[in-house]
Structures are given as structure tokens and as C-alpha cells.
């Protein structure tokens, strides 16, 4: 089966390569993540934030994979009988807030200050989708940031100025300078990165054996 990664994330691409997986990258231009997120959160507003994050990442990972698979069905270079599309999504939950990607540097700064001294959860879901079946897996990891002080503020300011937080859920990447804010994690490191690669690898093996 031919693997298609429905993500432009350099982190996900690097992890797929490190795992020795042969894949192509194709993303859909016909998906409005913000619209899907807003509609879904409206429908599940009565649920607890952790449950909302679980549902949201699952739905978005499926929608990304599904939109890409639909577009590939019209591409003569691809045989949809022989394709598995991988979609993935990550969000951060702290207290009563779901934290996606920041909309500005100020938003990123405010988010990182808010996370200081607190424990939060990072939820990542991935969807394996083919013409014949789908499988969605969700993983979460608990992360604790150091308390806010002058040194932490200095790190946050430097980090935000770099622009690196702007494409990351929760406004930080544990694999880059944002790691200096992290005091402790409980769970899978790569779930926080945004792609639990060992779980993806094993699920792909199981998925292929069942087709």
C-alpha cells in the first residue's frame, strides 16, 4: 500500500523518514479547519474540555485524511485502491481552555505565560484512511511547565520573537527552544511533538495486515 501523509508539518515528515517509511506528502486545499473546529465545538460544548480535545483531534485528523483521499481519487497519478492516507491533529488543554495554534505573537506570548506553573495535556490523534476502512487513534501526554519568573519570561520572549511558536498547538514545540519551559512530561514524548510515531508505525503494520 502506498502511504500518503496529509500534512505539511516538517516534524511529522521528519518522524516518518526516521521510521524508514516510504511516503508522499499531499494535502487538501478544500478543508477549512477553523470552520470544522467551530462547528464541532458548538455541538460538544456540554462536554468537559479534555473530552472536547479528544473529539476535536479525532474529527480533524479524519477530515484531513478524507479530504486528501477524495482529491487523490481524481488524480491519475494515484490508484486509490492502493493508498493509505494519514491525517493528524494536535491540541493542548489546560484547565478549561483548549489551545490550538496562536493567531499572533502576542497570543503566543500570553498562552505561554498562562501555561507557566501549570500541568496541561497534549492530545494528538491520527487517522489511517483507505478506500476500504478507517482507523483513528488518540494519544495524550501530560506536561508541566516551570513557574513564571524572570528567567522564564526571558525564555518566552526570545522564543516568541523567533516566530517558532506560531505554527504549533499550545504555542510551543517540545523539540525546539520551547523545551526550556518544560519541567516534566508523563507519557509519550512524540505525542507532544504532534505525531506519536511508534504508535503510528505499529498501527500501520496492523492496518496493512487486515486489508
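Counting starts with 1 at the first residue shown.
Cβ atoms are placed via backbone N, Cα and C, with glycine included.
What TrEMBL says about a protein is an automatic prediction, not a curated fact.
Summarising the annotation, TrEMBL assigns site 'Important for substrate specificity' to 11 (among others). Under DSSP, residue 11 (site 'Important for substrate specificity') is assigned to a helix (H, G or I) in the three-state scheme.
If you look up TrEMBL, you'll see 89 marked as active site, proton acceptor. For residue 89 (active site, proton acceptor), the same-chain residues 6+ apart in sequence whose C-beta sits under 8 angstroms from its C-beta are 56, 57, 58, 60, 61, 64, 124, 125.
According to TrEMBL, the site 'Important for substrate specificity' annotation covers 90 (among others). Residue 90 (site 'Important for substrate specificity') falls within a strand segment according to DSSP.
The number of other CB atoms found within 10 A of the CB of residue 175 (site 'Important for substrate specificity'), across every protein chain shown, is 16. Under the heading site 'Important for substrate specificity', TrEMBL lists 175 (among others).
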Give the number of CB atoms, excluding that of residue 90 (site 'Important for substrate specificity') itself, located within 10 Å of its CB.
29
Residue 175 (site 'Important for substrate specificity') - helix vs strand vs coil (DSSP):
coil
Under a criterion of Cβ-Cβ distance under 8 Å and sequence separation of at least 6, what residues of the same chain contact residue 11 (site 'Important for substrate specificity')?
173, 175, 193, 194, 195
